[in-house]
Ligand SMILES: Nc1nc2c(ncn2[C@@H]2O[C@H](COP(=O)(O)OP(=O)(O)OP(=O)(O)O)[C@@H](O)[C@H]2O)c(=O)[nH]1
Ligand SMILES: [Mg+2]
């Protein structure tokens, strides 16, 4: 028997994904702003493996048009995969008006349905009363008051979902696709609107007003001056914390890898195997793992900001500046997720209607500092920027990191602006106003944050254990073989395959001040940015003479070997260089155009080269 399929349908940001995670035991991304889910996602119902639950992007109507909203419509109509056998309509209890319309639309399709009146805890808190029984009577479907984040409430939802009718073998669908589409298109918006208002009058007892503290908080954080100041302060705090709090744990990780290296040296004979473990694996994987604490802290802050409802407000605050770049606030949410990783950001650009704006957003997303750059930035900052306090309170290293993030943001904005000017010449620019519903401020849900944080940490560890581990082994082989000939005068690595390769491409990067070791490390680093750090670890471990080799930590090695101009140029290179195969593949898939992908990749590499060149040439004149 084929499985039954139930789809979660509702407005953006009403808790569909929290419900989905609870119904299926998944860990899909949840955040307090609209447009988090941009594609459908399926999972098995925990209480019955014969039921598939589908999470959908938020939409206000089945007659909507942006690519993510179209997914919801197509799934419900059965154009994308098999038509669902029942719908779980998720409504935001604090904003029932926005969802009721779609509930009525689904009803015309004749699909079995249960309505989850979600966020009812927030509604109750604000003194809003909804007569769920009456609503159920008017709609003719079961209505549950739920708080998806509460486990007791989740159990009630599971029971209700379990009672939904399953697929009956051989039963014909209520409606054919054409009929269903015809019915939807025939709906009269005004009549629907009137019906919604009529229902609201009967079930909602107290109209909702935002509490005073909420309005005051909004007035402050959205104030053009104070708001901006608060945003800057928050960002500064994040970067300070990344440095100040991570330090002790980083030291511990470094020490344990050094200790493991010593254990190998003491207990194994010198030879290829010991070298593979020490110089290949420990030096490679260890160099990246050291940055786990910083990445964890950064993600914790991002998750906190996401869950509180603050981020979209920052978006609105910056909307004015954004519109000058030719982007609307719609582009802001995808761009925000770029700070974690460009891959979901490029996908999230589906929420943007205008094709030009969507392409520009995809093109600039890789310039924003993703978490994979953090190990690179952190390594070089730790190696060359003194750990000093400036202006009384700011740590110079944290400030530098902040500057690098800012450089990415400014570059992205500038690029968007240039593309706008170019497009305007051809008359292509259309500006859509920002139509974003601001979520309400909410106390972040710490359990959720911890679970998501663990997911991210696990993903990072997985990468260290798989991709980075494998590339470290391959690189170790390339820098070890062939070994040095009889009577060699140079370090053995000079004679290896990788050594030759590094010397071969180094002239291309000489104007940027890159050494051949850096060139070697950048080759596996094309796969993913942080790999360059593990690769540097391996390359330097192999270059070091045996006494130096006792000093395995990468930071002091970079400190001793790189001049400031080289270090700065390397940072400039990584602000732009699109060295991440996953991002490029996603751009190819989302734009569905090899030409656009090549243009974006080429443009980013050109920018990387140019800026690294300028930085190196200027810095070496000033400093040396
Ligand atoms: N207090 C409270 N918060 C909730 C409840 N359900 C969800 N949330 C929070 O609401 C926010 C949105 O939840 P999501 O599950 O991402 O919403 P979604 O409907 O999937 O949103 P999109 O994918 O953007 O359409 C998150 O911050 C959740 O933690 C609830 O019942 N009570
Ligand atoms: Mg979602």
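Backbone N, Cα and C define each Cβ position, glycine as well.
Database features (TrEMBL):
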DOMAIN    3-167  domain 'FeoB-type G'
TRANSMEM  225-246  transmembrane segment
TRANSMEM  281-305  transmembrane segment
TRANSMEM  325-347  transmembrane segment
TRANSMEM  359-385  transmembrane segment
TRANSMEM  397-419  transmembrane segment
TRANSMEM  460-479  transmembrane segment
TRANSMEM  567-587  transmembrane segment
TRANSMEM  599-619  transmembrane segment
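Residues 31, 234, 238, 241-243, 245-246, 249-250, 253-254, 257, 260-261, 264, 311, 339-340, 371, 374-375, 378-379, 444, 449, 452-453, 456-457, 460-461, 464-465, 468-469, 471-473, 475-476, 530-531, 533-538, 540-541, 552, 554 of the same chain sit 6 or more residues outside the transmembrane segment (281-305) yet have a Cβ under 8 Å from a Cβ within it.
Mean pLDDT of the predicted structure over the domain 'FeoB-type G' (3-167): 87. Under the criterion of 3 or more C-beta pairs below 8 Å, with sequence separation of 6 or more, the transmembrane segment (225-246) and the transmembrane segment (599-619) do not qualify as touching, having fewer than 3 such pairs.
Most Cβ pairs under 8 Å with the transmembrane segment (567-587) belong to 599-619, among the candidate stretches 325-347, 397-419, 599-619.
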